[in-house]
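This report concerns only the one structure given below.
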Amino acid sequence: TIINVKCTSPKQCLPPCKEIYGRHAGAKCMNGKCHCSKI
């Protein structure tokens, strides 16, 4: 899932991804946007 959060590193994406998927969230930063996934 691409979320509308700008990022330069995956660490910035983890908090918003955890809000969506809980503690089993995976976060990636691609093309300046956060991509969340459920692990």
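For all residues, glycine too, the Cβ spot is worked out from N, Cα and C.
As annotated by Swiss-Prot, disulfide bond applies to C7-C29 (among others). Secondary structure from DSSP puts C29 (disulfide bond) in a beta strand.
Summarising the annotation, Swiss-Prot assigns disulfide bond to C13-C34 (among others) and lists similarity to another entry as the type of evidence. Within the same chain, residues at least 6 positions away in sequence whose Cβ sits under 8 Å from that of C13 (disulfide bond) are I3, V5, C7, A27, K28, C29, C34, H35, C36.
Take the CB of C36 (disulfide bond) and look out to 10 A: across all protein chains shown you find 20 other CB atoms. What Swiss-Prot records for C17-C36 (among others) is disulfide bond, and it gives similarity to another entry as the kind of evidence.
In this view, K28 (site 'Basic residue of the functional dyad') is surrounded by 16 other Cβ atoms within 10 Å of its Cβ, with every protein chain counted. For K28, the entry in Swiss-Prot reads site 'Basic residue of the functional dyad', with the evidence type similarity to another entry.
What Swiss-Prot lists as isoleucine amide is I39, and the listing cites experimental evidence. Cβ neighbour count for I39 (isoleucine amide) (all protein chains, 10 Å cutoff from its Cβ): 8.
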Highest Cβ count within 10 Å among the disulfide-bonded residues C17, C29: which residue is it?
C17
Across every protein chain in view, the count of C-beta atoms other than its own within 10 A of the C-beta of C7 (disulfide bond) is 20
